[in-house]
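What follows is a set of notes on a single structure, which appears directly below.
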Amino acid sequence: MKIAENTFNSPYQADKNGFYGRFGGAYIPEMLYPNVEELQLKYKEILADPSFQEEFQQLLTDYVGRPSPLYLAKRLSEKYGGHIYLKREDLNHTGAHKINNTVGQILLAKRLGKKRIIAETGAGQHGVATATVCALMNMECVVYMGSVDIKRQAPNVARMKMLGATVVPATSGSETLKDATNEAIRDWINNPVNTHYILGTAAGPHPYPDMVARFQSVISEEIRKQLLEKTGKEIPDYVVACIGGGSNAAGAFYHFLDEPSVRLIAVEAAGHGNDSGESAASTVLGKVGLIHGAKTLLMQTDDGQITEPYSISAGLDYPGIGPMHAHLFESGRGTFLSATDNEALAAAFELTRLEGIIPALESSHAVAKLKDLALRPEEVVVVCLSGRGDKDMEAYIRNLDKF
Amino acid sequence: MNRIDQLFAQKKQNVLNVYCTAGFPTLESTLPVMQALQSAGADLIELGMPFSDPLADGPVIQDSSTQALKNGMTLARLFEQLKDFRSSIQLPVILMGYLNPILQMGVENFCRQCAAVGVDGLILPELPLPEYEKEYQAIFEKYGLYLIFLVTPETSEARLRRLDAASKGFLYAVSSSSTTGKDKDMGDQTAYFRKLQALHLKNPVLIGFGIKDKGTFTTACTYSNGAIIGTAFIKAIANANDALPATVKSFIQGIIA
Ligand SMILES: Cc1ncc(COP(=O)(O)O)c(C=O)c1O
């Protein structure tokens with residue numbers, strides 16, 4: 001395995017300034033410039049370094065437990081047609097795809113000589129994955145998390161604390177992922193020398209979207225190999241993934257971006273419905289704007305104030321999407337769907353009962369759209385099952401008698 | 001001549017620039033605060049355009065921004081409020097803010113309105129230098145708007161020179177790498193301030209962030225042409241209510257008298 005090298009000249013990859021079409025870039029105040037510039041100048045070189053590759057691959061294998069299985073979900077396939085494979089990121093150490101990125105970034109932080117790590121988290125999976133690698137590497141760890149999310153993802157807060165991280169509540173705005181990210185960025189501004197910011201999704205200023213996508217690209221690299229072994233063909237008809245900022249989707253799509261026959265399906269959170277005023281579906285409700293240093297599709301008022309999103313899923317409760325995805329949307333390369341809270345809950349219960357797999361609420365949004373694909377019997381679908389549902393048991397129990 | 005240039009042609013020392021958030025503490029405070037600043041003896045006004053997610057700001061300015069938005073402040077309303085401000089205010093005025101509301105209004109439309117009401121300059125910390133040069137500079141120049149760049153203690157010398165060359169009116173030297181309103185010790189920054197002096201920059205330099213009283217103002221002014229006060233001023237007027245002009249006056253006098 002090798003971390004994706006940008007050797008092909010894909011229109012769906014970041015250009016040298018971090019733009020995907022008209023989206024991306026690095027719109028940051030001067031106080032962040034030296035840190036972000038350092039990353040921009042060094043990330044490709046560090047990622048390409050053989051000793052980095054070796055350490056990264058070893059940790060992915062021995063610590064994360066990769067490759068993650070590609071599982072043919074027979075009963076789900078019977079119900080929706082086609083051959084539905086689940087890419088089991090939920091079986092990774094710490095329970096989600098987030099660890100692929102944090103392992104990569106902690107190794108990078110070490111090579112940059114950083115001593116202190118900060119992160120934002122929504123569902124808490126990225127916070128746990130960051131606290132985990134910080135424990136492993138003996139680094140100080142501070143995680144910012146919206147107060148609303150601290151309540152709705154309590155098990156992950158406990159895990160972070162046990163792992164030795166300091167969890168700082170973000171109390172502004174809707175007290176969710178956007179606000180946690182604001183606080184993490186402010187921390188970085190105030191600690192310009194010794195701190196690395198492990199951003200947890202394919203968003204933020206260049207080079208984060210590209211760097212995170214590269215660390216997550218192991219997902220599609222494995223899918224290709226595993227499909228070849230299982231079906232004799234590397235290329236599926238569909239790849240389906242949920243989108244908060246877009247890191248699991250970026251990883252699952254990465255090695256299929258330039259395979260035009262593969263339909264890339266991105267699923268956003270529609271909360272109570274896209275007309276309800278309580279949704280997080282940025283491609284439906286957003287316009288071009290700037291959030292967290294990147295130009296992308298953003299939910300906002302006519303006055304350009306960022307609006308507060310809503311989703312039952314803390315990991316998808318974000319008013320923007322990563323710039324790669326904004327470009328996939330605008331160029332038509334990706335198909336963007338959205339799933340409501342209720343559709344996601346129904347999908348979670350169905351997957352649990354058909355396959356014995358309790359998914360994370362985020363991942364359930366991806367599973368929920370299988371019903372909309374109208375699959376033909378011969379078609380092959382890969383759904384990125386980005387995480388497991390342990391953290392969401394409270395929401396599931398609350399809804400047990402509805403489904 | 002741009003009013004900012006006029007100011008620095010006349011005054012090279014102890015220039016006091018005060019930041020206030022438009023529409024704070026009440027929606028209709030914008031003009032009264034500016035008028036009070038002028039009569040109290042400020043030299044320059046930096047008017048903040050409120051934004052929902054002010055990434056570079058600490059809690060005090062964040063809260064003022066949130067309050068202003070709650071009061072109903074918008075960019076369009078700000079230009080309405082500023083329509084006739086030049087009939088009473090002669091000080092140079094700079095609009096400071098985040099890019100997204102400007103993008104929504106349209107950059108050229110925004111600049112046209114700035115020029116129409118009599119704004120002299122802009123501080124847009126998120127606007128990247130190359131993009132400014134490629135896409136914005138010509139528009140700003142067409143409307144006579146100066147863009148003021150920020151530098152920090154972490155800014156390399158080569159970049160300092162680049163930013164000084166691009167900046168118009170003055171250069172904004174952030175005293176320590178931080179969000180606004182952090183109480184970092186100014187005494188620790190003297191090496192950085194001396195370095196700025198030794199570079200003999202093309203622009204006048206104003207030091208901002210952490211200037212909160214006479215002592216910090218005086219310290220900053222010994223190394224520069226003047227200083228910028230934000231958080232301390234916002235705190236002072238937050239609960240001023242009817243006594244706004246008197247509050248502003250005593251605050252400013254406490255700094256410059
Ligand atoms: C299990 C899981 N899936 C998906 C996401 C959404 O993030 P992204 O869009 O970056 O994959 C999260 C974020 O917290 C998550 O925990």
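Residue numbering: from 1, along the chain as shown.
Every residue gets a Cβ built from N, Cα and C, even glycine.
Features reported for this protein in TrEMBL:
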type	residues	note
DOMAIN	A:65-387	domain 'Tryptophan synthase beta chain-like PALP'
MOD_RES	A:Lys98	N6-(pyridoxal phosphate)lysine
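Long-range Cβ proximity for A:Lys98 (N6-(pyridoxal phosphate)lysine), meaning a same-chain Cβ under 8 A and a gap of 6 or more residues, is found for A:Gln125, A:His126, A:Val128, A:Ala129, A:Gly200, A:Ser247, A:Gly387. For the domain 'Tryptophan synthase beta chain-like PALP' (A:65-387), the predicted model reports an average pLDDT of 97. The secondary structure of A:Lys98 (N6-(pyridoxal phosphate)lysine), as reduced to three states from DSSP, is helical.
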